[in-house]
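According to TrEMBL, the features are:
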ACT_SITE  His143  active site, proton donor/acceptor
ACT_SITE  Lys170  active site, schiff-base intermediate with substrate
BINDING   Glu46, Trp47, Arg48, Arg82, Arg212, Ser231, Gln235  3-dehydroquinate binding site
Amino acid sequence: MKTVRIKDVSVGQGQPKIAVPITGATQFEILQQAKKIVKYQPDLVEWRIDFFQKVTDKQQLISTAKVLKECLAGLALLITFRTAAEGGQLKLPVEKYYEIVQTIIEQRLSDAIDLEFYRNPAQITRLISLAKKEELTVIVSYHNFQNTPIKEEILKHFTAMSQSGADIAKIAVMPQTKVDVVNLLTATIQSTAVLDLPLIAISMGSLGKISRVAGEVFGSAMTFASVEAESAPGQISINTLRKMLKELRIE
């Protein structure tokens, strides 16, 4: 598997890298969360801008991103706009989604950008190319909060994502049974054997917690932890997650 660098972080090498989300609604809340997160020194910080009340105000978005980067004191920053269709907090016209993401890329507001893979293919291809030009790492993602596709469908998702030109592919799904969790883990193992990019695989909720800690075994290169508020069901606190990753480390 190829290793991808996000700032000083090598994704796809060694243990899964830990990202902690920021979910503040205001600039004040965002910076307060950031100050607490910095104390824990995760590998990356994910700013979920769909929680930000001023996300549609271009100047507010730019200015908040700049002060956030200063507050993070060198930690790698991933910016994610999760649409309502994939479990996000804000329902916007899809054209506005593309506009906001384009601003993030053109202004280089982050080190990495999350793009929802199953939006308009031409727009996603354009944004991936633009991000490459601006030297931002691209994560393409697919989220399903209702269920877990069968293993063969998960394999197809990862394969399609790997052909998009993105740097990293992410799938997060909701299990209804223990077999769903096993299917995701199996599909990830099989995909890492044939695809040349780091994968992120998350089975959400309490049932899927094993996927958040056993990534080094089955091939998931990043996991998400909480310091305060969860941004997705099943997230584990960063201190607990670190202990579990250490115990499960492959020597």
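Each Cβ is built from the backbone N, Cα and C atoms, and glycine gets one as well.
What TrEMBL annotates, mapped onto the structure for a quick look.
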residue: Glu46; record: 3-dehydroquinate binding site; DSSP (3 states): strand
residue: Arg82; record: 3-dehydroquinate binding site; DSSP (3 states): coil
residue: His143; record: active site, proton donor/acceptor; DSSP (3 states): strand
residue: Lys170; record: active site, schiff-base intermediate with substrate; DSSP (3 states): strand
residue: Arg212; record: 3-dehydroquinate binding site; DSSP (3 states): helix
residue: Gln235; record: 3-dehydroquinate binding site; DSSP (3 states): coil
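In sequence order, Pro21, Ile22, Ile30, Ala65, Leu68, Leu77, Leu78, Ile79, Thr80, Ser110 are the residues near Trp47 (3-dehydroquinate binding site), counting only same-chain partners six or more apart with C-beta under 8 A.
Within 10 Å (C-alpha to C-alpha) of the residue listed as 'active site, schiff-base intermediate with substrate' lie the following recorded positions from Arg82, His143, Arg212: His143. Geometry remark: Arg82 (3-dehydroquinate binding site) versus the residue listed as 'active site, proton donor/acceptor', CA distance 9 Å. Counting other C-beta atoms within 10 Å of each candidate's C-beta, the recorded positions Arg48, Arg82, His143, Lys170 are led by Lys170. Each residue contributes its Cα atom, and for Arg212 (3-dehydroquinate binding site) and His143 (active site, proton donor/acceptor) those atoms are 15 Å apart.
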